[in-house]
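These features come from TrEMBL:
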- 51: active site, proton donor (ACT_SITE)
- 113: substrate binding site (BINDING)
- 18-305: domain 'NADP-dependent oxidoreductase' (DOMAIN)
- 80: site 'Lowers pKa of active site Tyr' (SITE)
Ligand SMILES: NC(=O)C1=CN([C@@H]2O[C@H](COP(=O)(O)OP(=O)(O)OC[C@H]3O[C@@H](n4cnc5c(N)ncnc54)[C@H](OP(=O)(O)O)[C@@H]3O)[C@@H](O)[C@H]2O)C=CC1
Ligand SMILES: O=C1CO[C@H](CO)[C@@H](O)[C@@H]1O
């Protein structure tokens, strides 16, 4: 099955199917990562206010624009509204702050990072995981998703975002948005990989013409760092890269295991945003268009799906987060 390098969105915006993920990419690593990615052909970068690297990304993009090697219109840049700002009045100020850090006039895609709203505990906007003195996360129980979505739509109207979408929304939450939306979300960015193929959510999104973007497409093996920084032990991380079946398919095509994991998702019509700060792996993760998995390969890889049991992102490292009424990770979605 052939795969196009972009999906054409309703507003004629081209959504490149391979993007560079940047969670846990330190500002000091960003220049090399973005330079390498743009040189090998990536045109889509995924970041978030809470990744604390928007400024470094903005600096590197400016160098590319100043050197005239690329124009703003050549790129597709995504960033996200953080959890302490999931309320209507915070949408525009946070988007403006992200744009200031990115040194851009608009983003191509602005996402609600997570349906869970948090209550800030201080004036520090960079404190994106506010915690109460008892160690639990500071929940905002009155998160109003339809009202927040209305404020997201206003960002398309005012030209600060070319398109808008959601992330970590489950089927019920997607339906809630779709019922109220004037502008539909273009994507739901969720955990999705060979062991967690998100069948019900994909079916629902297809119905509404919403593209599904796969985060952690190679299993997010580096996330121990995020837990360690918070004094916690990471939960078991699935060894997708070393799965023998994936290895078999990779050997047949003379490609790496990571390339097979990514190509499998592309052939399912998904957008993938693998993260790497390593030039060799950044290149490897982009070389996905010179081979095709046949139906037997796809069947083999599909057999690895564990359904809801394959989920590994539950945000439970933020103590008490599952007490929020919009906690999304309650079912396979
Ligand atoms: N909306 C949300 O809530 C979330 C969004 N995301 C987004 O999705 C992106 C991707 O997800 P992420 O969690 O980073 O996980 P990925 O599945 O992309 O895995 C990234 C990890 O795999 C390593 N890696 C990358 N390429 C290869 C390769 N070819 N072979 C072996 N190892 C490799 C990287 O290390 P190295 O850098 O050393 O190469 C890194 O440790 C994020 O960066 C972020 O942009 C992620 C999580 C949640
Ligand atoms: O994007 C993200 C990566 O995952 C983290 C949790 O495990 C989130 O906090 C963050 O929003």
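For all residues, glycine too, the Cβ spot is worked out from N, Cα and C.
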Among 80, 113, the most crowded of the recorded positions [Cβ within 10 Å]: 80
Inter-residue Cα distance where the pair is the residue listed as 'active site, proton donor' and residue 80 (site 'Lowers pKa of active site Tyr'), in Å: 9
Distance, the residue listed as 'active site, proton donor' to the residue listed as 'substrate binding site' (CA atoms, angstrom): 11
Neighbouring C-beta atoms (10 Å sphere around the C-beta of the residue listed as 'active site, proton donor'): 24
The domain 'NADP-dependent oxidoreductase' (18-305) [mean pLDDT, rounded to integer]: 97
Residue 80 (site 'Lowers pKa of active site Tyr') in three-state DSSP notation: strand
